[in-house]
Amino acid sequence: MENIHIQTKSKEYDVHVGREALSHLTTLIQKMNPAVSNIMIISDEAVASLHLQTAVDALQVEQKVFSFVVPSGEKEKSFENFYEAHTSALENKLDRNSLIIALGGGMIGDLAGFVAASFMRGIRFVQVPTTLLAHDSAVGGKVAINHPLGKNMIGAFHQPEAVVYHTPFLHSLPEKEWRSGYAEVIKHALIGDVELYHWLKEEVQTLTDLRDEKLIHILTKAIPVKANIVSQDETEKGIRAHLNFGHTLGHALEKELGYGNITHGDGVAVGMLFAMFLSEQVYKVDLSYEEMKQWFLKYGYPKMPSDLNVERLVQLMKQDKKANAGTIHMVLMQEYGGVNVVSISDETVHIALEAFQKDMV
C-alpha cells in the first residue's frame, strides 16, 4: 500500500492507496481521538449495491454503523439530500464524536463532506473513493452541494481524517467513468507534472490500460500535484485556483447540457482544450493544441457541441467562482507545467469560443 501525506494549515492526514487499502480502515478509526461514538456511511444507490456490504464487513468495530443512501447522479448533490442526511444523522443519534464515511465518487464525497462540515458545526469524516475522478475531489477539503444556478455554490472547506483508496472498487466502473476520471489525471499532469504527462502519452494508449500497477502509479503521481498546491493555498485564495484548469468552460457545459448529460471529466476535457486554444492566442505560444486535440479524441472525449449558444456559455462562465465583478477569470497555460489565472473580456471569450466551436466540428 502506498501512503501520500497531505499537509494543510488546518490538518494533516494520509491518502492510503492500494489493493488492500480497505483493510486499513478499522485501524484508522480505532486510533482516532476522541474515540468514535458511531459511524454513518453515506453512499449512492449504484455504489451501495456493489460495495456497501464490503465496506460494512471491513469495519470490524463495536460502534453502531448505519447507512444513508441517495439516488445516483450529479443532480443528487442537492439541498434536499443534504437536509435528509442531517435528518438521518439526528434520528440515528450522531454526536460530535461520530464519524461519517463517504463511500462513492465525487458527488458523494462532496455531499457527505458538507454534511460532516455542518452537522453540529463540524464532525470528522473519511473519504473512501470508488471512482478515478475522486482522486481529485477526495483530497483537499472542498465540499459542497449544487444550486440550480451553479455547481458547488454552497459549501465549505473541511478536511477529511483520511482518504482510503481501495483500488478494487474501481474495477466496476463503466468506461465513461474511467474517461471522466482520467481527464483530471491529465489536468494534474499538465499543470504540475510534465514528466507524468509524457508517461501518460507513452503508457496509456487506451482507457483499459488504467489498471493494476499503472493505476496505482497514476494515483501516486497525480494526487501529490494537488497535495502540493493545497498545502500552499488551502482555501483557494491564490494558486489553488490553478486546479480549475479547464473548469470554467467545463462547468458551463455541465450546467447548459444538464447535470448527468455530460460527465464532469468530459466537460473538463473540452474545457482544457479550449483553455489551450485560447492560451496560444493570448500568450502567442505553441502548445501543440492540434496534437492535444487528437490525443483527447483518441480516448473518446467529446467535441464542443456545435449547436450550443456561445453567448449563453459566456454568461454561464461569468457565474464561475473565479469570476470577479462580472469579469471572466480563466486558468491559462504559458507552458506545460506553467499556468496562471487571467481576466478575459467577454468579447475575447466569445470570439475564441466561436472559433473553437468551428474547429471542433
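Each position is counted from 1, following the chain as shown.
Backbone N, Cα and C atoms are what each Cβ position is placed from, and that goes for glycine too.
Record check, Swiss-Prot: Zn(2+) site residues include Glu184, His247, and the candidate from His171, His198, His264 also listed there is His264. Among the candidates Lys93, Lys151, the residue that Swiss-Prot names alongside Ser72, Gly73, Glu74, Lys75, Glu76, Lys77, Thr130, Thr131, Lys142 for the NAD(+) site is Lys151. Same-chain residues at least 6 positions away in sequence with a Cβ under 8 Å from that of Lys142 (NAD(+) binding site) are, in sequence order, Asp110, Asn152, Gly155, Phe157, Glu236.
Considering only the binding-site residues Glu184, His247, His264, Glu74 (NAD(+) binding site) has His264 as its nearest partner by CA-CA distance. Glu76 (NAD(+) binding site) sits 20 Å from His247 (Zn(2+) binding site), taking the CA atoms of both as reference points.
Around the Cβ of His247 (Zn(2+) binding site), the same chain contributes Val268, Gly271, Asp320, Val331, each under 8 angstroms and 6 or more positions distant in sequence. Least packed by the Cβ count within 10 Å, out of the binding-site residues Ser72, Thr130, is Ser72.
Within 10 Å of the Cβ of Glu184 (Zn(2+) binding site) there are 26 other Cβ atoms, across all protein chains.
Between Ser72 (NAD(+) binding site) and His264 (Zn(2+) binding site), the C-alpha separation comes to 14 Å.
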